[in-house]
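Report on the following structure.
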Amino acid sequence: MIYEGKAITVKALESGIVELKFDLKGESVNKFNRLTLNELRQAVDTIKADASIKGVIVSSGKDVFIVGADITEFVDNFKLPDAELVAGNLEANKIFSDFEDLNVPTVAAINGIALGGGLEMCLAADYRVMSTKAKIGLPEVKLGIYPGFGGTVRLPRLIGADNAIEWIAAGKENRPEDALKVGAVDAVVAPEKLQDAALELIKRAVSGEFDYKAKRQPKLEKLRLNAIEQMMAFETAKGFVAGQAGPNYPAPVEAIKTIQKAANFGRDKALEVEAAGFVKLAKTSAAQSLIGLFLNDQELKKKAKAYDEIAKDVKQAAVLGAGIMGGGIAYQSASKGTPILMKDINEHGIEQGLAEAAKLLVGRVDKGRMTAAKMAEVLNGIRPTLSYGDFGHVDLVVEAVVENPKVKQAVLAEVEDKVKEDTILASNTSTISISLLAKALKRPENFVGMHFFNPVHMMPLVEVIRGEKSSELAIATTVAYAKKMGKNPIVVNDCPGFLVNRVLFPYFGGFAKLVSAGVDFVRIDKIMEKFGWPMGPAYLMDVVGIDTGHHGRDVMAEGFPDRMKDDRRSAIDVLYEAKRLGQKNGKGFYAYEADKKGKQKKVADPSVLEVLKPIVYEQREVTDEDIINWMMIPLCLETVRCLEDGIVETAAEADMGLVYGIGFPPFRGGALRYIDSIGVAEFVALADQYADLGALYHPTAKLREMAKNGQSFFG
């Protein structure tokens, strides 16, 4: 062994060729933490000092190559002063440059995922051979930053500015054939041939058959574009990417600006430009929020994984109630490998459920994301039925019938008699108490809530609701099944609205107050969309359904009358009475028309103003900032209450629930991180300015205590 560390080893293979292997001890993946970077420096120095070494193959001892930088470690660095952070970045980059400058040829053998710093390591090599099972990419923009280990310098010089901009600004993972096509890798081979292919390539470079120094040279020079070509490439890209990313996500455009600024410099000066821009981005609130989301997501996955130890494997599932929701659940289960029975009480429901699943599958086939054979396999995994005949072998049943407690209780009690004693029953309810529904069951310990969000195939969140008598086995099995379906489960305790709807309705409450104060709902929508929401509250209410919102509002008012009950009629009441139910019947706050593709498109409908007139009680002058505060303060305070009441266990879960469940602006990080960004004391003072609007705007005693003590939700 030439070098041996805890993350990296260097050993001789044959004929002066060595293997530099990443294999971080005690971890399932390789990542660039301080230990790995230090050992890479030592390994490179060792290779440089050994004149007998003729070539280097870089490999991985794990199923992945390198997943990138250890963000949990590096996020602390982002708090350092700018100059210190720039110096640290350049010091790390010198390690990659020293590797690139070795006086021998180098080949990266990419066996699995190589992302971020993992791909940047590969770019520092002279050649790259990629397994057909691998994927590569630079996803840093998803964290609000851009590549900081030379990615903005080497990639454009290797594959051209246009291709590099597309890779870096999109932040997606790229398949082997796409990587080969643009020249990001030199060869793609079957996994079992990877080592031999890398060895063959390095031998040909060592022998002089391949000129590795000529291959390396473009990465060390300025970008090979003249002034006119640069202007065309960069200005066009900046305009297009700015339109795609929007003003709240600066990283993609900043990456292009950095490539442009560094275009006329050689590698070392270009790396200085990259470091300066990287530090600037790392300090933005968007980066801090998006990195916070990433860390929260890791915490969520860790918590969900902990349930695996006691979870029962769901080999056969069932859904009660077909229709669009049942069809979506059936599609999601079958497409992820769990066969499912789809039961309804009539043929129409079955047809609707199958049509929904088929529509989703055809969409995937049309986009090239699924083969026709796979589509047939998934459809075969959905078995429609009008009876309970085959329910004796079902491991978990999702009840998805109408949102009515008596109907749900009757259906659940009925199915309980048709399944095994240990079958888990899960109710897909958005507002009804799980403990209440459990009263109809003989085995309430086997019963939980499993709240899917609509549309099921698109929304990543599933709330798994623990009732008073739900067992840990039932919770664990439902969490594991949700994960198997490709969802992000969050376990919450039972209360009206659970987490997401309990927090959403105070937001709608703020909206109702604004409309009753004479504020134009179109203006409110525009301001909240500019704030970062995917759609404004009026449009969201139309999409959810005015009738659904009306029912949910009443449930929440009954559950929390002190702050959610309003004796005055509001916009949702008059729209409901006028049978303007939203998108579902073509008119709500807006009117809806089908576009050329048959997709619903909202249009202005002046007639709604007459409908709303009776609930406009005053004409109040409010600023754009007021509108944001009227909307956001109730949502944030209810999130705080959910955490204090133990409905959700951690701040991370609360914030992720809102991002995944209702589209809370990711660049703001979630409600609790949003409070942190303002400052807890400042937020309490802000809420107090709106105290006259009612109890929804009154901070809790505990939040006031946090403000007094200078505390925050995230350290």
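The backbone N, Cα and C atoms fix where each Cβ goes, and this holds for glycine too.
The structure displayed is predicted, hence computed values, not measured ones.
Going by what Swiss-Prot states, the NAD(+) site holds M325, V401, V402, E403, K408, S430, N454, and the candidate of D297, D344, D366 recorded there is D344. Per Swiss-Prot, substrate is bound by D297, N501; the candidate from Y146, Y617, Y660 named for the same site is Y660. Under the three-state DSSP scheme, H451 (active site, for 3-hydroxyacyl-CoA dehydrogenase activity) falls in the strand class.
Listed recorded positions: E120, E403; maximum Cβ neighbour count within 10 Å falls on E120. Contacts of M325 (NAD(+) binding site) defined by a Cβ separation under 8 A and a same-chain sequence distance of 6+ are given as A400, N428, F452, N454, V456, in order along the sequence. It is V401 that, of the binding-site residues V401, V402, has its Cβ surrounded by the most other Cβ atoms within 10 Å. Using Cα positions, the member of the binding-site residues V401, E403, S430 nearest to E140 (site 'Important for catalytic activity') is identified as S430. A sphere of 10 angstroms centred on the C-beta of H451 (active site, for 3-hydroxyacyl-CoA dehydrogenase activity) encloses 25 other C-beta atoms.
Listed in sequence order, E403, H451, G497, F498, N501, G552 are the same-chain residues six or more apart from S430 (NAD(+) binding site) with CB atoms under 8 A from its CB. D344 (NAD(+) binding site) is 53 Å away from E120 (site 'Important for catalytic activity') when you measure Cα to Cα.
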